[in-house]
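Marked as signal peptide by Swiss-Prot on the basis of sequence analysis: 1-23. Taken from Swiss-Prot, the feature domain 'Peptidase A1' applies to 76-434. Here Swiss-Prot flags Asn79, Asn106, Asn138, Asn153, Asn166, Asn271, Asn278, Asn299, Asn319, Asn439 as N-linked glycosylation site. Sequence annotations record features per position, and here Swiss-Prot assigns active site to Asp94, Asp325.
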Amino acid sequence: MKASFFVFAISALQALQASVASAYSEVPGKRSVVLNLQHSQYDHVARKLERTKVLNKRDSSGYPVLDLEYTDAGGYFANLTLGSNERVYSLTLDTGSPYTWVTAKNITALSASEIWSDTDGVDAGRSTSDIRTNACTNYTCFDYSSTTARRTNSSTIGFLASYGDNTTVLGYNMVDNAYFAGLTLPGFEFGLATREYDSSQISVTPGIIGLSVAMTITGISSDDKVVAFTPPTIVDQLVSANVIDTPAFGIYLNEDVGELIFGGYDKAKINGSVHWVNISSSDDSTFYSVNLESITVTNSTSSNNVQSSKRSSKDIEVNTTVTLDTGTVYIYLPEDTVESIADQYQGIVSEYGYVVIYCDSFSDSDYISFNFGSDADFHVSVNDLVIYRQESTSGDICYLALFEGDTSSYLLGQYFLQYVYSIYDWDAQKIGLAALNSNATSTANHQILNINSALRSVTSGQSVSATPTVSMSIAATSFGSSLVLTASASPSSTSVDGSSSSDSSEASGAASVGVSISAIVLCASTLISLLFA
């Protein structure tokens, strides 16, 4: 990014401060923050968004439940209610981003030329009217003139975040009311995006719910400097408010719906044991990464294109760090791993970096196992990895959601996470993985276990049974120790030529270069030196 952009960014924030000063009331004390619930259903045939509102509700166990909603933007969306006017905002769930932000009603476009000195090969970006139509008509944008929103008391008044698909947002750090299914979270801090760059090749992001651990992004101070900024995460804010007792959460996703539980996980969704895998250690890592030891391809069919009547399993050594990321749609693995998988079906790796095979080279019983060690093996059907089928005179061709990843960023996205139950506990440096109960649904009765309790007796390599030997009390506060949110999915699609369509949030970013949309640029010190050079 060029230095003039950051001068411009500070000016833009100063202008924003002047224009909205009268809209803010500095009320002493902490704000009450609550999240209301809304559920939407996914139409598999039409592949279109449907929104069906439901009332606030609590699970029979007493835990608050928040439904997420399906959209066509390639992600899982949570409905977060903010403001004294209690409006609902659809925000992308992202385990690779720390900050929760929402788009402002008066959002204006950033052009590529305002951000980058060299714009060769860079999309010019969407116009202001286009962004407002996509973000504020299809979703809900934040209107700070009709709510009790106010700036935070921090000296860092603004934030700047850039993502792997080049999406860039600039805005204010805010405090306002929020609503969590009958629970109040005092003084909820979030970002309000007032300027945004979106490529015309991808869907507009209406906002993000950041589920990663706290990490440093770019901030803008009240004395007009670019500074390092570590925003409070939504998980940490729930802990600080004594709503949950541990900064951990469990995630259940499938093609239609899903569920996010802060502070706990749902035993009813799990078949067998939870396998606890160590988070990969790194001095600068702040992502939910684990070591993937190997992949096993199990073939069990014959076809017109593959002559062998019976094929044995093929073990492929990987032994590399991979990041679990709900903000990423596909699976990104080392180049030689992807090529080995393609070879098992006499397929190829396309120029776009994904596996292409004949559809009759596999059966419904074929699967790929992801092996994390200590019997932590999880199967994904090859059929479930198909993102597009193309008719051909020599036989239908299937494109798989397996991509060659960038060497600095191997990712297990939604095409993996839909087939496991995942639990994230940064403090314990553990990620729990479990096979899904085939009868699990987000509407079934919850059987919630506290993550802290589950991990007390766990050591490296051990698993925790989904059926506890002792009953555990999880009503640690008057609110309980877990929050339950449910989700619905947003699949991406692939065009006939194999390139990702604009429905995917990774279309021109992660899909082409293997970089997650959630990979925030963390370079504040560099920006300061550029600004004052």
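Glycine residues also receive a Cβ, built from the backbone N, Cα and C atoms like all the rest.
Feature map: annotations from Swiss-Prot on the structure.
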residue: Asn79; record: N-linked glycosylation site; Cβ neighbours (10 Å): 25
residue: Asp94; record: active site; Cβ neighbours (10 Å): 27
residue: Asn106; record: N-linked glycosylation site; Cβ neighbours (10 Å): 17
residue: Asn138; record: N-linked glycosylation site; Cβ neighbours (10 Å): 15
residue: Asn153; record: N-linked glycosylation site; Cβ neighbours (10 Å): 10
residue: Asn166; record: N-linked glycosylation site; Cβ neighbours (10 Å): 21
residue: Asn278; record: N-linked glycosylation site; Cβ neighbours (10 Å): 16
residue: Asn299; record: N-linked glycosylation site; Cβ neighbours (10 Å): 21
residue: Asn319; record: N-linked glycosylation site; Cβ neighbours (10 Å): 10
residue: Asp325; record: active site; Cβ neighbours (10 Å): 29
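When the recorded positions Asp94, Asn166, Asn271, Asn439 are screened for a C-alpha within 10 angstroms of the C-alpha of Asp325 (active site), the residues that qualify, in sequence order, are Asp94. Comparing Cβ neighbour counts within 10 Å across the glycosylation sites Asn271, Asn439, the minimum falls on Asn439.
Ranking the recorded positions Asp94, Asn138, Asn153, Asn319, Asn439 by the distance of their Cα atoms from the Cα of Asn271 (N-linked glycosylation site) places Asn439 first. Per Cα geometry, Asn299 is the residue among the recorded positions Asp94, Asn106, Asn299 nearest to Asn319 (N-linked glycosylation site). Across the fold, the C-alpha of Asn166 (N-linked glycosylation site) and the C-alpha of Asn299 (N-linked glycosylation site) stand 39 Å from each other. Separation of the C-alpha atoms of Asn79 (N-linked glycosylation site) and Asn138 (N-linked glycosylation site): 14 Å, rounded to the nearest whole number. Between the CA atoms of Asn299 (N-linked glycosylation site) and Asn439 (N-linked glycosylation site) there is a gap of 26 Å, rounded to the nearest whole number. Reported as a whole number, the C-alpha separation between Asn439 (N-linked glycosylation site) and Asn106 (N-linked glycosylation site) equals 45 Å.
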